[in-house]
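To start, the structure under review is shown below, and the notes come after it.
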Amino acid sequence: MSFLKFDSLRKEFGDFVAVHDMSLSVERGEFISLLGPSGCGKTTTLQMVAGLLSPTSGKVILDGKDITNTPPNKRGLGIVFQSYALFPHMSALDNVAFGLEMRGVGKAERLERAHNALNQVKLGQFVDRFPKDMSGGQRQRVALARALVIEPPVLLLDEPLSNLDAKLREDMRIELRLLQQDLGVTTILVTHDQEEALSMSDRIVVMQQGDVSQVAAPLDLYERPLNSFVSDFVGKTNILQGKVTDKNVVSVNQIAVSVNTEAHVVGADVALSIRPEKFTMSSDNAGLPVRVKASIFMGASWLYSVESDMGELLVTQPNTGSAGFARGDSAYLAWEEGALTVFGGVQA
Amino acid sequence: MSTEKTPNTPYLLTAPGVLFFAALLGAPMIMTLLLSLHSYDFNLGVQSDWTFGNYAEVIGDPYFQKIFGRTFGLALWVTVICVAIGVPEAYVLSRLNPRWRSIFLLIVLGPLLISVVVRTLGWALFFGGSGILSMVSQALGFGDEPVSLMFTFTGMTIALVHVLVPFMVISVWASLQKIDPQSEDAAYSLGASKMTVLRRITLPQAMPGILSGSIIVFALTASAFATPAIIGGRRLKVVATAAYDEYLSTLNWPLGAAIAVLLLIANIAIIVSYNKLVERRFAKVFE
Ligand SMILES: Nc1ncnc2c1ncn2[C@@H]1O[C@H](COP(=O)(O)OP(=O)(O)OP(=O)(O)O)[C@@H](O)[C@H]1O
Ligand SMILES: [Mg+2]
């Protein structure tokens, strides 16, 4: 039986439905990300789990118990808020010790445990600092230590890394994931950053306007998106509109592309999706002829925007140490048939 | 045109304001200070000598000591009651939904739109021996004698609290607005009860507003004139009304000036040391 269950959770604000009947089962120790564009209902969902918002209908079940109507102070969940929400009038140590105090832990023990929690997030020497004297990254860690020290059954994270700079964000991703795995704490992370979701989660829930678009492990989600919204939102992709002209042939701007079309009838309008890194770009006269419109060096790779008879395409190629294609160069694109995904209908 | 800032710009920009204050506030104050250093003769008027005699008289005279004691006692009481009423009021206001909030804010601040004198006269009618208070208490059987709060410490306290509580509300309200509501949610989710959240998280963060509100209310009470003059009258003088009487009844201007200067000094001393205390306590926490 799953550890944490959402059963048709629904939240309406007036006549606006922020979260449509959402169901999800989370296993013990699992790291789940709620991923979606701004305003799709991620925070609303998380707050319903936390108990800070009550659902219009539906249930939250934790470890077999219905906690839908349990107030937040009786749920015992660990929450890291988007703004960190530290207590500005308390030192880092007192911030972390607060939850233990509320649980009636004695002073000596709670200070020791708070100290250990701060050590765990590498803030051992900042115990006496006040939040206003800390950097964003340090505050974020205090918030994490404060949530973890109470040893919550579930950790809820609302975009905890979004206020950090790019480098720190990447470091924290790894740290957070390692910590989560060490502690084995069931975690729900809210993010609109697909890279964050892909790199940290066991499973990702992609949300769109209050609906779940797809739930899948990161690799599955990336390689086998269910629709063009997911494929476009998770990672970069090229979406090409075409028509099935024959069995296993889709015509895109009069160019025949061979692809598995078994789910679609001949004559159907379809969309093809192919990720930029699935192309091989070379000057050998084979494949789709293209002209390089823009060439951007990204360090580990090259990013090209190219023009072809199929339309404009984004292409990434690994940096192999030699100069890449330049603007205006002609080149040829090749790809494997399996790299293409077909979606029905004309989708954005 | 050069956009470079000259170091003089700030001074030039503040010059008109500084001049205005120097002329209209600084000059009379200095003249009052100088006046207080002359002696006064009941037959010859203000003398041209220099003396601290007036100060010695005020400080040494039990009559004036009592007035000063009453004034600061009143200021303290009014401040304490304004905190007790204003803080919950501001908290409730901050929790109301926006439409109700603006209506109630208007009700709270509305009295500020009416002259203090008019409001105090209203209280006088209410408090007087044949006033509403007296009639109600007689009707309820609390006694057959007419009750009057006129010329009482309680009456002054009530009227001043009414006049000054909006300042406390505004000041606390401003600091409540700055609190991140998620910090309350965070405490709540960490197991705190609603009361604990209020006591341990909300109230400490509203402290700067409570403290600055206290300073405003204390200073305004200690130097209040109209309300004590109407409710307290001659029988229950405070420093401001005592100074006024020296000027206008006794015509001993230098003594009146000395009283006024002493009030100013005492007020400044109390507020500055209070502020120091507060800053030392909270500097670590708030910018
Ligand atoms: N109290 C509220 N009253 C009315 N509408 C609300 C309220 N809270 C949220 N909404 C609406 O519900 C939708 C979902 O909000 P939510 O905060 O869950 O978005 P989100 O996915 O967390 O977005 P973001 O990534 O920007 O944080 C939004 O369209 C928002 O405007
Ligand atoms: Mg959000």
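Along the chain as shown, residues are numbered 1 onward.
Backbone N, Cα and C atoms are what each Cβ position is placed from, and that goes for glycine too.
It should be emphasised that the depicted structure is a prediction, and the values quoted were computed from it without experimental measurement.
Summarising the annotation, TrEMBL assigns transmembrane segment to B:12-35 (among others).
Under the heading domain 'ABC transmembrane type-1', TrEMBL lists B:68-274.
Through the fold, the transmembrane segment (B:72-91) approaches residues 108, 153, 156-157, 160-161, 164-165, 167-169, 172-173, 176, 198, 202-203, 206, 209-210, 213-214, 217-219, 221-222, 228, 238, 266, 270 of its own chain, all at least 6 residues removed from its boundaries and within a Cβ separation under 8 Å. The transmembrane segment annotation in TrEMBL covers B:72-91 (among others).
Taken from TrEMBL, the feature transmembrane segment covers B:103-127 (among others).
Under the heading transmembrane segment, TrEMBL lists B:147-174 (among others).
With a cut-off of 8 Å between Cβ atoms, the residues of this chain six or more beyond the transmembrane segment (B:209-231) that come close are 71-72, 74-76, 78-79, 82-83, 86-87, 90, 116-117, 120-121, 123-124, 127, 149-152, 155-156, 159-160, 163-165, 167-176, 237-241, 244, 263, 266-267, 270-271, 274-275, 278, 282. Look at TrEMBL and you will find B:209-231 (among others) tagged as transmembrane segment.
Residues 29, 32-33, 35-40, 46, 54-55, 57-59, 64, 68, 71-72, 211, 214-215, 218-219, 222-223, 239-240, 242-245 of the same chain sit 6 or more residues outside the transmembrane segment (B:251-274) yet have a Cβ under 8 Å from a Cβ within it. Feature annotation from TrEMBL assigns transmembrane segment to B:251-274 (among others).
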By a Cβ-Cβ criterion of under 8 Å, what residues six or more beyond either terminus of the transmembrane segment (B:12-35) are in contact with it? 46, 253-254, 257, 260-261, 264
